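First the structure, which I've put down as structure tokens, then a few questions once you've had a look.
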Amino acid sequence: MSNLSPATPAAPLSASAASPLPATPPPAPQEPSPEPTSGRYARIFALAGRGFIPVAFLARLPLAMLTVGALTLVTSVTGSYATGGLAAGAVGIGSAIGAPVLGFVADRIGQRPVLLAAAVVNPLATALVLFMAYLLPDADSALGVLVAAFVMGATCPQVGPLARVRWMAMTSRRAESKTVGARDLDTAMSYESTADELSFVLGPALVGLLAAVVAPWLPLAIAAALTLSMVAAFAVHPTVRAVVPARRTQAPTPAGQETSDTAPKEKAPRADWLLIALPVLGMVSMGTFFGGTQTSLTAFGGVFNVSTAAGLLYAVMGISSAAAALSVAFWPERFGPATRWVASAAAMTAFSLLLLLPADIPTMLVALFVLGIPVGPTMVSIFGIGAVVAPRQLMSTVMTMLASGLVAGTALGASLAGGLADSHGHQAAFLVSVGAAATLLLLSLCTQWAVKARRRV
């Protein structure tokens with residue numbers, strides 16, 4: 001018993017428990033834990049749980065397969081590239097319009113019900129596209145398949161943007177400090193951009209392989225099966241609880257009385273929407289760059305009778321872009337998203353001029369690989385700016401608006417480059433990519449000025 005009595009007085013535990021100050025140091029030493037850069041991705045993967053990464057990646061694949069899948073199916077059934085192109089365009093327009101609507105509803109009622117509904121409705125719309133496509137040879141017009149393709153695009157689950165919203169919630173809640181939270185969010189955004197890049201390289205490649213080896217209907221059938229299974233799994237994954245719908249955040253704040261109702265409204269004034277418009281326009285420009293480059297590469301390949309290999313050429317840029325996007329997590333912390341956007345867009349503008357030089361395929365491969373290096377960081381930075389300027393109650397809306405901008409821009413770039421390629425050749429078509437990169441640089445400078453003026457970063 002005498003051994004117990006020294007332990008009792010000497011127990012500084014009661015002193016530390018009495019003072020709230022020593023309670024903060026224990027978490028503080030954990031802040032250096034993410035300091036080894038090799039552990040940054042391990043840290044965010046641990047935040048989300050082991051199953052989140054594969055489920056979210058597989059769930060986003062259908063979005064990358066639907067447009068090319070519709071093009072391949074309708075073209076093979078009708079023998080008309082024009083009708084196939086219209087079907088692909090209907091999917092893109094539907095996605096560009098439907099994505100912000102799905103995001104807004106997710107902000108109101110939560111991600112789970114929206115994703116579960118889309119996981120059921122979208123496969124039904126895909127089945128309708130398959131049915132209407134095979135009726136086309138006997139149909140008087142292509143209107144039926146175009147309407148079905150539009151609905152298929154509009155109901156496609158926006159897994160990438162909604163996953164980003166979950167990362168925002170998880171990194172802000174679980175961070176030991178504001179600095180660690182910002183670093184974790186940068187890492188998560190880097191991963192998400194890489195996952196998007198890989199899915200948009202892998203998706204079309206799968207469509208081409210399956211359609212050529214088995215049947216043109218198989219890619220859309222697999223996309224529907226992935227949506228039904230993986231999107232449903234993504235919808236019920238525990239990470240969905242990290243995001244609280246706006247309707248729920250307003251109700252349980254009795255202490256705030258009327259003020260809690262006015263606070264959310266103050267977060268989305270007109271000035272905020274002007275700020276939000278800049279990254280959205282940035283994603284439109286990014287999409288224009290992608291669409292212009294893809295179409296121009298098809299024209300470039302046609303010069304060497306390998307126009308069908310344009311996807312493989314484009315994949316080279318996708319690989320370097322994805323790797324560079326991952327590297328953003330290790331860039332200096334003082335290099336914020338606005339500054340990163342300026343630097344990356346400046347490099348994109350300079351490197352895009354390389355597209356005008358190649359006279360053979362090996363040289364073009366080198367140019368595309370170099371050009372891809374600033375592309376990934378630019379995408380990460382634009383999504384990072386979107387995360388900064390988006391009001392909390394509209395996170396999903398803003399993220400899906402960014403995704404819609406990318407889709408709309410891709411259609412715009414493909415259209416502009418296609419017209420120039422027909423009239424003036426592939427070199428003129430590549431000017432669309434150069435112009436889009438220059439527009440990205442201009443928007444980045446405007447964003448940096450606006451963000452500094454409003455002290456948002």
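From the backbone N, Cα and C atoms, a Cβ is placed for every residue, glycine too.
TrEMBL labels come from automatic prediction, so no person has curated them.
These came from TrEMBL, pasted as-is:
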COMPBIAS  1-21  compositional bias 'Low complexity'
COMPBIAS  250-262  compositional bias 'Polar residues'
REGION    1-37  region 'Disordered'
REGION    247-267  region 'Disordered'
TRANSMEM  52-74  transmembrane segment
TRANSMEM  86-106  transmembrane segment
TRANSMEM  113-136  transmembrane segment
TRANSMEM  142-163  transmembrane segment
TRANSMEM  198-215  transmembrane segment
TRANSMEM  221-240  transmembrane segment
TRANSMEM  273-292  transmembrane segment
TRANSMEM  312-331  transmembrane segment
TRANSMEM  338-359  transmembrane segment
TRANSMEM  365-389  transmembrane segment
TRANSMEM  401-421  transmembrane segment
TRANSMEM  427-451  transmembrane segment
Cβ under 8 Å to the transmembrane segment (427-451), counting only same-chain residues 6 or more beyond its ends: which ones?
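For the transmembrane segment (427-451), the nonlocal Cβ contacts are 274-275, 278-279, 281-282, 285-286, 288-289, 291-293, 295-296, 299-300, 338-339, 341-342, 344-346, 348-349, 352-353, 355-356, 378, 381, 385, 388-389, 409, 413, 416-418, 420-421, 457.
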Any contact between the transmembrane segment (273-292) and the transmembrane segment (113-136)? By contact I mean 3+ C-beta pairs closer than 8 Å, pairs at least 6 apart along the chain.
no
In terms of Cβ proximity under 8 Å, which residues at least six beyond the ends of the transmembrane segment (113-136) contact it?
62, 66, 70, 73-74, 77-78, 83, 87, 102, 105-106, 142, 144-145, 148-149, 151-152, 155-157, 159, 162, 217, 220-221, 223-225, 227-228, 231-232, 234-236
Any contact between the transmembrane segment (365-389) and the transmembrane segment (312-331)? By contact I mean 3+ C-beta pairs closer than 8 Å, pairs at least 6 apart along the chain.
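Result for the transmembrane segment (365-389) with the transmembrane segment (312-331) is yes.
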Report, as numbers and ranges, which residues of the same chain sit near the transmembrane segment (52-74): CB under 8 Å and 6 or more residues beyond its ends.
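For the transmembrane segment (52-74), the far contacts come to 45, 80, 83-88, 90-92, 95, 122, 126, 129-130, 133, 136, 142, 145, 149, 152-153, 156-160, 163, 195-196, 198-200, 202-204, 206-208, 211, 216-217, 219-220, 222-224, 226-227, 230-231, 233-234, 237, 239.
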Can you tell me which parts of the same chain pack against the transmembrane segment (312-331), counting only residues 6+ beyond its ends and a CB-CB cutoff under 8 A?
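The answer is 37, 40-41, 183, 186-187, 189-191, 193-194, 197-198, 200-201, 205, 293-294, 297, 300-301, 340, 361, 364-365, 368-377, 379-381.
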